[in-house]
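Student: Shown below is the structure under consideration.
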Amino acid sequence: MIFLVNSTYHLWVPIYIFNGGEYRSPFMVTLIIFEFLISVFCVLYTLKLCELIWKIRVFHVNMSILAIAYLIQYIECFIGKWLMMGHQTGVPSNRTYMNWWTSDQFSIPRVQNPSELFPLLIGGCLIWHYLFSMIGFIFSFCAERAIATLLSGDYEKHQRRYISSIILIISHVVTIYLSCQTFTEKVEFVPTVMGCMICVSTSCVTFVIIMFVNLKINKLQSSPGGLIFYTLAFRFQVKENIRALKLAYRVLVCIGVYIFVLCIILFTLFFDVFPSLNQFLIFLLENCIYLDIFVNFMCDYHSANVLGFMVYKSFSY
């Protein structure tokens, strides 16, 4: 939703309803309490998953660091969501605003004192950063696996934690910049959503290329001459890359579908395709963003056997 602050500049906050009176009904209050409890469970689940990923090293430490850094950001989403909830449910006003993005000045809330909406604005910044970070995670993972492919000779022998640190620093610099640009409405709605879809598509293509290169190398080294040409460490790293990429396929499919569904819902709301379904689409959109326990679950890049072992270990701690 676009806010006009001091009649001079716009701020774009990722909410659809501002001062929604229907949120104060007994049914919606019950639903919000239930949603809060589910959100707390998601936070606890995320923390436990991060702990297990760090303790049970299935892949290279850089891959574990990237996975934990991404998963732990759900706490950022949790804080942002509940900072904004107070203004979504309603503040003293005579009007309820419902839109995701609009250029209609009559449909834009006016704010004279930004400090009155401080929790809403802070929560909006956190949510924008979280959403862009999800897209950045796909690029980060592909970059780490590309580096692992280039350094196949001795990548597993050395931790090289600076690689994951550099990837995370670059990723957060880019996502923070994009979040600020979006929050201050330097970009419009349609280009933003289309850019996200293009980024996801590009990441998937990059993933396929890295997978193809590793499969090609694995095929060459499996030939009689390849056993002599490639060292044992190199052959091990290539097989490790293929194993990681195959298991990460679930991650990319889940996040890719997740982001595409979000974009489709956003376009449906923006162009008002099904006006009678707007309330349902809003509920679906918010839960896609804020209750990503299924995304976190699918983003567990361990194999099924290791996942079972992790569940067993979680009960034995």
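For all residues, glycine too, the Cβ spot is worked out from N, Cα and C.
Note that the structure is predicted; figures quoted are calculated from it, not measured.
Just lifted these from TrEMBL, have a look:
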TRANSMEM  27-47  transmembrane segment
TRANSMEM  59-84  transmembrane segment
TRANSMEM  117-141  transmembrane segment
TRANSMEM  162-184  transmembrane segment
TRANSMEM  190-213  transmembrane segment
TRANSMEM  247-271  transmembrane segment
Student: Give the one range among 59-84, 117-141, 162-184 whose Cβ atoms make the most pairs under 8 Å with those of the transmembrane segment (190-213).
Tutor: 117-141
Student: Which residues, given as numbers and ranges, are at least 6 beyond the ends of the transmembrane segment (162-184) yet have a Cβ under 8 Å from it?
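Tutor: Residues 9-13, 61-63, 65-66, 69, 124-125, 128-129, 132-133, 135-137, 139-140, 143-144, 147, 192 contact the transmembrane segment (162-184) from elsewhere in the chain.
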